[in-house]
């Protein structure tokens, strides 16, 4: 720190002359203050320089009193210190943010605190007030070292003296003295003239009480006629180096002669006055006499200005009295200056000093002060503790000697006063207190001094006994019993429990909790103890629950109490009867008597009685009945399987108590077959039992089949066919299983003209060996050639009968022919595979145009009538420029929808070319009868009119001749192309827009795709521009498998067939949107092409 920093310290400006002195003191403080700080036991001494500013740290009391060696750091951090006593407490405070720091609260000026005192010691009592068990008082002494920071100052800056010219030397005249509040070291040391006269000198008189009188001494007689006035100046110098100076201007007026001056009886008066002396009662009389006569001899008295507020003098009698009471404790002595003057002209004043010593009397009784040092400001003590600190007691008595000595005590034996040092006590407990028995204790403190007469004081204090958590909570009941219905909703209030705690505050604050054995079914309000349901209850799962509740107080450590809750869950009818299985299947034989037991269903109800009772009912009681109690099902009538083979019913179980809950199960009763029906022969029958055959038939010829049936089941319906009689020479055979009647021998050998065969059909039922039926079959033999030819039979001569092929020969021929066909097919397949490898631009699977046409006609017959009127109705209700989905059954492999373009405005009819678009959906491009027209021709509107579906079909019928392929315009050998008939080839998959190859020789419009397999994308794609008169070209465009595209500038579309409405081409020129219809894997959809996009032959470029 530099001297400049001391030039303005604490708001007091200092001259540069004192900088050195102040700097010297500062270094003494810095370098030597710690050595001057004396720490002995619980006393700490600090030395600091005068003029301390506010918020300056004096020192850390805990460290300087060596508490840091006695306690751990965490204990020290818990300390709260405060100043509890001292004469100048207001100048200081304890900084508890930095525990132990004593700091100044405001500027301290030594000259105000210890004016003119040689030593300035400030005494403070600092106590550890919290925690109370560490309560101690540390006596702190702060010595302030003085600096020369005050200049001498006269009471007034000018003084006027009237001196008679007859005044005889060495008479002296009293001058006002200067004052300096600094310590004696820096107080006034000398006076001198700065402007003088040879006739005067200064005289400084030291009084016996240590005070000084400054006098102006006359050295020579004055002569008014020579000089009537004098102007002098006196300076007062203090003890500083350099000295500070105060000035006094003196004006002397020379008066005419007044021979004698007043003379006091004593040179000085010294008197003792009791501090309780009465006001206005004289305690001293001064007297001065003047030998002159008349006014020149009449003396009057006056006091100096210094103590005129305390004392008064009678100007005529010289009696001195009090204006206000004296106080020994404030000031023990007073020095008065009494002036006496006569009333003659040119009077010369004379002065005498009066010293008044104040006598102390026992006029102050002890004053008791109690400091709680608690946050609440109340006196507090913890229960259950002995020698616990309660409060700090300080006693003041302003009297001195024995009158200031006091003795104190408390009236309650549970407490005692322990003296810490003079007039400082602490109250501690002598026994344990119980707050629950007495929480407020009133104690009297009595203090008495030893003066005569003795004075005393008493103070009643109230001590609050603090609670310690020494009582556990107690439930009002040890066991709680409650019933609750199982239908209680979540949050249902079950019970309210309550516990009490004899403690107070947080120690008595109880929180309620549920034990884990409550299974999370319940919850409890931790504050009010209300128990509510936390989940739905189910009597059928749990009908009783015992659990614990806990009451925990807020103490530290806390106490816990427990109680038991016995909760019974009462049943309500909330469970419906449950069948043992969701469906029952029973079986019974037909033709049994009513009352036959079919089976028993079972159900259970988890409710408790009587809610568990229920009854059974059937959905239909006409055929079957059920026992409502045990679920036994019986028949009501005889069952006939042939009439009804199975009965499908529902059985229901219903509670007999409200709310009548029920459940159902499906019931199937199968009627088992009995062989109660004989076979029924439907051929031959009475109306149709004769067959005429040619005699030229070869053996093995199947003549007819016997038709029979049996309404029974299984073996009961398994039939066996046989001849009864009439099969002469075993000419015929009857297959026992299929009923085929076959010629077994040569009819030419037989002479019979008619065979009457008895047909027997028998079932395999076990009852009575089975049931049978019989019928007669008449076979007539026709031996004429005409009949044979009419029957497409070539007559054979008998002598060539050996050439007739037998059965085995026919089998061999069939096998050989089949083998030849298979070999041929294999050769064709190999050729096709080879061709596909060579030319991958062709698909291997072809269909005749006629077949496609037949299929299209077949599908077209299924269509809805897309007449002009119907489509317009649809279009008028659609939004402009939107997509309209129409169901269409052409697309066998895709969703049946066709996307049409709606009108440009709402309510307008569909554009005619939408019908062309509709017919464009199946990519059928083969002309009919050699014409260049496609099927689109039959659907295209003429003059704004749309032909209906029937007209289309009739047009198609005109071009279809199933008798011959030659009229269709397509070759029957399914060649790859037919330039004469202009048939374009399409694969079956290409028919719906996947991998197709399109050609039109006359119109030069082709779209070629090379496909490895129908399910793979094409490798290359090309499109040729159509002729100007062509109505439009459509085709398929797909992404290539590689980069070998024949047209690099052509766009690639994934799985899309593009159809163009050629009549709308002018819209593009008008800047409007152009619409194309695309066929994709997800169906038909219309796509809007933005204005300005070039259209090339229906393909978006």
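The backbone N, Cα and C atoms fix where each Cβ goes, and this holds for glycine too.
Mean per-residue pLDDT, taken over the domain 'Cadherin' (31-154), amounts to 83. Residues or ranges marked as domain 'Cadherin' by TrEMBL: 31-154 (among others).
The annotation domain 'Cadherin' is assigned in TrEMBL to 155-264 (among others).
The domain 'Cadherin' annotation in TrEMBL covers 265-368 (among others).
The domain 'Cadherin' annotation in TrEMBL covers 390-475 (among others).
The domain 'Cadherin' feature in TrEMBL is assigned to 476-579 (among others).
Taken from TrEMBL, the feature domain 'Cadherin' applies to 580-681 (among others).
According to TrEMBL, the feature domain 'Cadherin' maps to 685-797 (among others).
If you look up TrEMBL, you'll see 811-833 marked as transmembrane segment.
Taken from TrEMBL, the feature region 'Disordered' applies to 956-984 (among others).
Per TrEMBL, the feature compositional bias 'Polar residues' maps to 965-984.
The annotation region 'Disordered' is assigned in TrEMBL to 1009-1068 (among others).
Sequence annotations record features per position, and here TrEMBL assigns compositional bias 'Basic and acidic residues' to 1051-1063.
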Using Cβ atoms only, state whether the domain 'Cadherin' (390-475) and the domain 'Cadherin' (685-797) have three or more pairs under 8 Å that are 6 or more apart in sequence. no
Residue counts for the domain 'Cadherin' (476-579) under DSSP, helix then strand then coil, are 7 helix, 46 strand, 51 coil
Across the domain 'Cadherin' (265-368), DSSP yields 7 helix, 45 strand, 52 coil
